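Shown next, in structure tokens, is the structure this report addresses.
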Amino acid sequence: MSIYTNSKPWTVPALAEAKRNGSKIVMLTAYDAGFARILDANGVDLILVGDSLGMVVQGHDSTLPVSVHDMVYHTACVARGVRHAMLVVDLPFQADASPERALEAATALLRVGAQMIKIEGAGHKLEVISYLVEREIPVCSHLGLTPQSVLRFGGYKVQGRGEEAGGRLRAEARAAVEAGATLLLLECVPSQLAAQITTDASVPTIGIGAGAGCDGQVLVLHDLLGLDSGHPRPKFVKDFLAHGGSVAGAVRAYANAVRDGSFPDVEHTYTS
């Protein structure tokens with residue numbers, strides 16, 4: 001049985017209200033209308049059209065080959081299946097290399113149904129965040145492990161371990177909020193650090209491999225369903241379809257587990 005009762009469309013003010021009320025936010029990825037309908041009807045608050053499609057849909061080894069054209073196409077598909085969830089969309093690799101370039105890409109995505117734009121990283125990306133927010137475009141700031149930086153990181157590794165690295169990530173989160181970010185997404189971050197950032201931040205945090213202390217959780221849909229992407233399965237992934245049932249049932253089980261705090265548990269969490 002689902003504990004999901006909200007049928008109102010999700011908005012930026014609704015995110016802020018969830019943070020104030022301590023209501024957990026449920027997020028999943030989708031890349032087409034069919035799966036988007038299932039997510040939308042089974043307790044998912046935010047749907048992410050992630051550039052992860054480069055790996056789980058297109059078969060690449062990273063997200064780097066994904067283009068703005070790809071993101072526009074898949075965003076348009078997903079938008080046709082959504083009635084209640086908020087649609088968050090990635091700017092792909094180098095689409096945010098300058099504020100002007102980011103605005104052009106974001107505008108194309110908003111025109112086909114995006115409601116919030118996700119940008120990876122901090123540093124010079126803060127200028128991009130401010131530039132978009134000043135032009136009335138909601139932004140999610142993705143911090144911690146940012147897959148578009150995989151070449152610099154030397155692989156997919158936990159970020160923020162140790163006092164210096166943790167302090168740097170907390171500073172990046174504060175700067176992103178000051179730049180106008182409406183939402184923070186924390187990936188592969190020690191749970192203690194993610195909880196500190198969540199307490200500090202005036203906006204909601206969504207975790208993926210960042211522990212239960214975040215204001216919400218996200219997973220890649222293919223991971224949640226146990227589909228083989230040809231890549232090693234991260235520690236934070238749980239197969240909600242492992243014991244049978246339907247896709248809709250797996251999505252409901254995930255949504256309920258996020259809301260009641262049973263996912264992620266220690267098994268699916270990184271520590272310092």
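Cβ atoms are placed via backbone N, Cα and C, with glycine included.
The active site, proton acceptor annotation in Swiss-Prot covers E187, and the record cites sequence analysis as its basis. Other C-beta atoms found within 10 angstroms of the C-beta of E187 (active site, proton acceptor) number 23, with every protein chain shown included.
Under the three-state DSSP scheme, E120 (Mg(2+) binding site) falls in the strand class. Sequence annotations record features per position, and here Swiss-Prot assigns Mg(2+) binding site to D51, D90, E120.
Per Swiss-Prot, 3-methyl-2-oxobutanoate binding site is recorded for D51, S52, D90, K118, and the stated evidence type is sequence analysis. Sequence-distant neighbours of D90 (Mg(2+) binding site) (same chain, 6+ apart, CB under 8 A from its CB) are L48, V49, G50, D51, S52, V66, M71, I117, K118, E120.
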